[in-house]
Amino acid sequence: MWAASCLASCCAACTCGLCTSVASGVSRRSARLAYCGLFALSLIVSWILREFAAPLLEKLPWINTSSETLPTEWYQTSAVLRVSLGNFLFFTIFALIMIGVKDQNDRRDSWHHGGWIVKLVVWALLIVLMFFLPNVVVTIYATLSKFGSGLFLLVQVMLLLDFTHTWNDAWVEKDEQKWYIALLAVSVICYIATYSFSGVLFMWFNPSGQDCGLNIFFIVMTMILALAFAIIALHPKVNGSLLPASVISVYCAYLCYSGLSSEPRDYACNGLHNHSKSVSIGTLVLGMLTTVLSVVYSAVRAGSSTTFLSPPSSPKTGSSKPLIESGDMESGKDDSKAADAQPVSYSYTFFHLIFALASMYSAMLLTGWTSSTSGSSELIDVGWTSVWVRVCTEWVTAALYVWTLVAPLVLPDREFS
């Protein structure tokens, strides 16, 4: 229940931020959070329509085209996918429009930050129009969303890596003993949590009397990866730190749990089958909360000199601090008419693409990756597709983190900052 409250609070805060921005005008800084509010609003609309729109969709002849009686879950999935498609088109259109914006004198810069009443109207119209599309379009979008969701998970991993390295660098730069002690304490706590949680996973997903070799493999692999992270990070030739290794270990343990808890409820090795509804809702809320935090972090972190969101024209001085903290770049004063135009601090195109991909991923979470194997509308994000998506994401996360550590050794002629 606490997770649901956190998600609701996060979505409500973002949505309220959007309403405030529309009412009082949007500054360059708050525009990013306003987009987060719009995304959070789409999640709320998807959730509401998933729960209540099925009876209405059954009465629409261009949606209910089957001669047979379709299950309620089919209409719920269709409602979520149509909202997601509208949201995806909205952000994709903006991503295309913003291609090539390099400085604040570009007229499209004002389109990105202003016109929120128009944006809300366009967004709402797109959502409504999606419910007039034939089912085949929604089916194609559902297929594409699986690939788009994979890309978003990759972006999510990159953002996590950026966050952990930024956190570590911020504390190391203070160069005080208390901060080094804090780094060690947090690292130790994270590792204790990782291995303790792995032990709990053995109890939940390896019931006595069952041959659960696959589950054991997943859990043991997670524990081995956590140990490998620490060994590689602390190697004398590697310029690593224990904090990022410990945080990535906790995230990998969470992904392992998320994958195992998504196993079919009739699978003998899923020890949580007696709590299927609560586990499904909990997995959904945690997934949604992670998604919202990812897009919020991408909005706030966009413009860092170390992130892939920076366009070629943005200043790259090697500083680890994001440009969002720069008073010159984020001041409310209008300096766009100055002789030397200020470059934009982040790529608007990639910024909107993250939201577009997040729209696909949130739809997959709400529909169980469009799989009906659960047999119940109350079971969300359940099935072997969900299991392997989570497990593969864990392994990709591990591979990317290890690569950030060994890349300077493998490619010594290249500069990594």
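Sequential numbering from 1, following the chain as shown.
For all residues, glycine too, the Cβ spot is worked out from N, Cα and C.
TrEMBL labels come from automatic prediction, so no person has curated them.
Positions annotated as compositional bias 'Low complexity' by TrEMBL: 305-322.
Positions annotated as region 'Disordered' by TrEMBL: 305-336.
The signal peptide feature in TrEMBL is assigned to 1-17.
Taken from TrEMBL, the feature transmembrane segment covers 29-49 (among others).
Sequence-distant neighbours of the transmembrane segment (79-101) (same chain, 6+ residues past either end, Cβ-Cβ under 8 Å): 39, 42, 45-46, 49-50, 53-54, 57, 108-109, 111-112, 122-123, 126-131, 133, 137-138, 141-142, 145, 148, 311, 344, 348-353, 355-356, 359-360, 362-363, 366-367, 370. Here TrEMBL flags 79-101 (among others) as transmembrane segment.
For 121-144 (among others), the entry in TrEMBL reads transmembrane segment. Counting same-chain residues at least six beyond the ends of the transmembrane segment (121-144), those with a Cβ under 8 angstroms from any Cβ of the stretch are 38, 42, 45, 57, 60, 62-63, 65, 77-78, 81-90, 360, 363, 367, 370.
Same-chain residues lying 6 or more positions outside the transmembrane segment (179-204) and placing a CB less than 8 Å from one of its CB atoms are 168, 171-172, 216, 219, 222-223, 226, 230, 241-243, 245-247, 249-250, 252-253, 256-257, 260, 271-272. Look at TrEMBL and you will find 179-204 (among others) tagged as transmembrane segment.
Sequence-distant contacts of the transmembrane segment (216-235), counting only residues of its own chain at least 6 positions beyond either end whose CB sits under 8 Å from a CB of the stretch, comprise 191, 194-195, 198, 201-202, 205-206, 241-242, 244-246, 248-249, 252-253, 256, 259-260, 391, 394, 398, 401-402, 405-406. If you look up TrEMBL, you'll see 216-235 (among others) marked as transmembrane segment.
Only residues 6 or more beyond the boundaries of the transmembrane segment (241-260), in the same chain, are considered here, and those with a CB under 8 A from a CB of the stretch are 160-161, 164-165, 167-168, 171-172, 183-184, 186-191, 193-194, 197-198, 201, 204-205, 215, 218-219, 222, 225-226, 229-230, 232-234, 270, 283, 286-287, 386-391, 393-394, 397-398, 401. Here TrEMBL flags 241-260 (among others) as transmembrane segment.
The annotation transmembrane segment is assigned in TrEMBL to 281-300 (among others).
For 346-366 (among others), the entry in TrEMBL reads transmembrane segment.
As annotated by TrEMBL, transmembrane segment applies to 387-411 (among others). Residues 149-150, 153-154, 157-158, 160-161, 165, 218, 222, 225, 228-229, 232-233, 237-240, 244-245, 248, 251-252, 255-256, 258-260, 262-263, 369 of the same chain lie 6 or more positions beyond the ends of the transmembrane segment (387-411) yet place their CB under 8 Å from a CB of it.
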